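Quick look at what Swiss-Prot lists:
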- 53-105: disulfide bond (DISULFID)
- 152-202: disulfide bond (DISULFID)
- 248-309: disulfide bond (DISULFID)
- 447-528: disulfide bond (DISULFID)
- 569-640: disulfide bond (DISULFID)
- 686-735: disulfide bond (DISULFID)
- 1022-1043: disulfide bond (DISULFID)
- 46-111: domain 'Ig-like C2-type 1' (DOMAIN)
- 143-209: domain 'Ig-like C2-type 2' (DOMAIN)
- 226-325: domain 'Ig-like C2-type 3' (DOMAIN)
- 549-656: domain 'Ig-like C2-type 6' (DOMAIN)
- 832-1160: domain 'Protein kinase' (DOMAIN)
- 46: N-linked glycosylation site (CARBOHYD)
- 98: N-linked glycosylation site (CARBOHYD)
- 160: N-linked glycosylation site (CARBOHYD)
- 247: N-linked glycosylation site (CARBOHYD)
- 376: N-linked glycosylation site (CARBOHYD)
- 397: N-linked glycosylation site (CARBOHYD)
- 578: N-linked glycosylation site (CARBOHYD)
- 617: N-linked glycosylation site (CARBOHYD)
- 629: N-linked glycosylation site (CARBOHYD)
- 673: N-linked glycosylation site (CARBOHYD)
- 702: N-linked glycosylation site (CARBOHYD)
- 719: N-linked glycosylation site (CARBOHYD)
- 799: phosphotyrosine (MOD_RES)
- 949: phosphotyrosine (MOD_RES)
- 994: phosphotyrosine (MOD_RES)
- 1052: phosphotyrosine (MOD_RES)
- 1057: phosphotyrosine (MOD_RES)
- 1173: phosphotyrosine (MOD_RES)
- 1212: phosphotyrosine (MOD_RES)
- 1303: phosphotyrosine (MOD_RES)
- 1307: phosphotyrosine (MOD_RES)
- 1317: phosphotyrosine (MOD_RES)
- 784-1345: topological domain 'Cytoplasmic' (TOPO_DOM)
């Protein structure tokens, strides 16, 4: 038996060990065993607590206020012995009251545990402060059915605890029912009992000692939800693949917990993301905000439907919903019901709505007659066009263009607005409503009517004067109930004829209706009535026939009180009798006949009869009413009545008598002292008033001043004028105004400065000499202008923007008809502060200035002001005004020098205000940056290589570049710079720009911007004609601007015009068809753009270096010889130059293609430099192609290693990927290689020195002996003009510059106003002119200087 027992014990031990090692299921495990068998253990403070736990698996201890083994006071150790291999002992030495709580021993991976609650009896700290008290905050609700637990647990189980609340203070004692205290839980009571309190605490008494728990702040938790708002609030439209974001915002009362739930359409893909968070409320709001965001990164058609956001606080639920519509792709279309014609009456409000179906919402732009419309105080632009008070000027064609911002699809619709104007009669505003006509005379009555649309009809009516009511004081004093047609003139005046004349004047329909009265016999009223669909207009004419009495006032028309006044009524004594005076008093206005007032003559009995004195002469009877010492009560309306001897009919005349109140003299304002010089004129006015009119007397130094030679008194002595003042005219002058009521005085001091006046003889001699000199000077000017002037039909178009078609209007008339909106462009001269001159020309100048308030973004802006010099002629003034109008016509673009304003009002010089580019022209800038050029700048190693590369430039190369550019000209604008632009900019804030290195990226960026600007000018149908680096200005942030496009010509118009004399043209930049056939097109500008690229990538070198501009040069250029690659270019850029230099203009790329190509090249360079993108100083966004077909050299070192690629003489092959823009080009073939001017050795030309002020870069050097040869060869060569749609007759010798635009110097010498040439240049001009003459058979005149 003993052995069996031992075997059983061993077997149990193995099973237990196996179960522990492999782990038994939870159903087979027994809870761990604790060393104490009690559920509650009570120990004293400062003793040691030790509990051992044994079990069948790995064990862990948990104790109050701690997480596992995180507290250093608590010691958990492995224990041995006993009947279990898994054993842990928890030991806490010197326990305190806060150690009271549940101690739990559990298996590590199974939720099976044993717990003992330990009281550490500490009478000094009977309440436990544990971490589970949530920092002393108790959350409650005001629900009566809810209870709240204040967690003031005790270290002693049988405490007598009460709850204290404040404020106000209140105590709660356990009642064994709803209010209780449990040492393991805390104090429990209904929450509403302490909802008023701010804080609570538990209190207990032990041995007459009172102990308190920690303070608990009472926080009342709310439930109210004010609103739930969805954003966007309206129906949402998206296209497939777009991102959907719905924000659901809930506003609640404070201390509310909120749960969000979203209800959305079922979707196949699980791609919805919901994020909930609290939102910080706005300051001052008593509300809490919660936000739930639903996001779908890429919506599909299945995501379409209703989305509902539900917010719940437990007791309250609110929701909001929206509908999401998903389109398969963006679209745009006009809806049905769009009108094409809208009619409105002048003065009314007009609305032109736009109905469309689109996703996304389109960009809406309105245009009126092709010009964009912006919102202002009269027009509101948006989804509908609203014109507040339509006028005749608002009529026209309105076009709305809708643009889909994603697909960029455009839809347009035009609406014609017709403004109808009711008939307006012009004479109503000009003629008094009561007119008098002599008896028996023929009279003509006229109505001039303006109306739109034309009148339906215009009719004349009449009525006898006595048949109409009389309303004194009214604008139309007569009112007639019935009107008779003029054809029924029985009882009235006989009508001889009526006729209507129609005309269309300035877009207005004008109708003149005439009524001819054969004899004025009867006083009547005539009415002309005009009617059209917009309304009606009428004019009533009082045709008052005079053959009766006349009234006059003596002695004055407006007498003053206390003067003797007489009213005289004069009548023909053979016709009239019984003359009587009446006064029209207040009682007359109360007499009625029916409903209308009666005429005066029908109501004489109601008037106040006056006594008068009768006088007679051979023809007239005169009845006089005299007022001695007239008073204000005497004024009023007086009626003179006379009876016809034959008909006994009474005729009445009304006269209003006005008596002015007496007023003592008064001088308003003070006379100011005046200081002048001898020989000038002094004028002073004495502003005196009074009744009777005061008599004015002037005194000088208290002596009466009388009129004398040079002293003039006018306007009743009010105005004093002293001409040709002398020294003795100085002194104290007194103005005295007197009438019967007194006098008033005012004084002024005249101070005369300067030397004593010369004698009259000396004055006569000086005046005579001046007159003779003026005569000879005018004669000389007339002679010179006759010699120099072109004939009358010519205008100096060299500085105009557009040359018009000669088959239409003359150029000057066409330019003058261009609009100039003074309200938009006029700028006050007093807000313009002129500074230093920037350039000057033969008749004009450019001045730097500060404009105050010309730009809304800045108080003061630096601008450039173009203005004429003193003595400019009328034609020059008209030319500058024409350029101003054309600059407005061209419009605004970032890469052109834009118009800012103008000063055109009389009283000062004509000024054209344009943008100021502080860094000067691009050619000068590039030459100044040669020593600072590095191809790449982004990486440190490459940057250092770039500096080394620049440093290793050969001295010979730099000397050659300096030699090439030493004779560079300034520009073709007609203005010679006062000093070099580099000197000017050193004085300005250019240090920031010049201190940076110049990179290949900069050069490509400059090229790209010029192409953008030329693309804009081409879109405006303008040709530049002088595109070169000297005409490109550099502004802030590396923005380049094209100037001198004032030289541009309108492509719609014929650019042919003939100039006299010799002038310089920039031959090095001109296309062959321009040189030989004078054909100027956009494609010839593309050739010039290629030369400009060469200038940029040679850092400002002069084109065709070392090449003599002679007959051989012209021949080789025509045969296809081109310039070598510049020293700093890439293969791609040189290929672009060759594309621009194609001999067939139609095969050259357009500027739009160049923009795309250079944009790709710029992006590729930026990526090669380590950038993902490049920020361009442009207003438009550049879209880059991934594969631009570009292969740039990786660094200057690689460029030097691959000498065959970087060699300027290298001939580039026609590879397919070399230029992306050629994929859609008209080009069918391209030369495999290009001959350059360096392929054939050239003899060094003889350098001819030309004065600096007339030096140019045009390269026009040709020996006179070569003229004949080139002329003969040109006759045999095909003409370039056959390739072009139009052909210019302009001489190559015509001016190639705009003389009023830009800051650069032109081809004229400012001192002599003539052009200075070398003999070679003059020869070339004559040679080319002769060649074209032989080719075209056209006789050319020499252009003016």
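The backbone N, Cα and C atoms fix where each Cβ goes, glycine too.
With residue 46 (N-linked glycosylation site) as the anchor, the candidate recorded positions are 202, 248, 447, 569, 702, and the one with the nearest CA is 202. Residue 686 (disulfide bond) and residue 1043 (disulfide bond) have their C-alpha atoms 57 Å apart, to the nearest angstrom. Sorting each residue of the domain 'Ig-like C2-type 1' (46-111) by its DSSP state yields 3 helix, 29 strand, 34 coil. Working note on the glycosylation sites 160, 719: by count of other C-beta atoms within 10 Å of each C-beta, 719 ranks first.
A simple Cβ count within 10 Å picks out one of the glycosylation sites 98, 397, 578, 629 as the most packed, and that one is 98. For the domain 'Ig-like C2-type 2' (143-209), residue counts in helix, strand and coil come to 4 helix, 31 strand, 32 coil, using DSSP. Counting only the Cα atoms, the space from residue 105 (disulfide bond) to residue 152 (disulfide bond) is about 25 angstrom. The 10 Å shell around the Cβ of residue 702 (N-linked glycosylation site) contains 8 further Cβ atoms across the protein chains shown.
Neighbours of residue 1043 (disulfide bond) among the recorded positions 447, 578, 617, 629, 640, 702, defined as a Cα within 10 Å of its Cα, are absent: none qualifies. In the three-state DSSP classification, residue 673 (N-linked glycosylation site) falls within coil.
When Cβ atoms from all protein chains are considered, those within 10 Å of residue 248 (disulfide bond) total 26, not counting its own. Close to residue 247 (N-linked glycosylation site), meaning Cα to Cα within 10 A, are the following recorded positions out of 160, 309, 447, 578, 673, 702: 309. Comparing residue 719 (N-linked glycosylation site) with residue 1022 (disulfide bond), their Cα atoms are 59 Å apart once rounded.
Each residue contributes its Cα atom, and for residue 376 (N-linked glycosylation site) and residue 397 (N-linked glycosylation site) those atoms are 19 Å apart.
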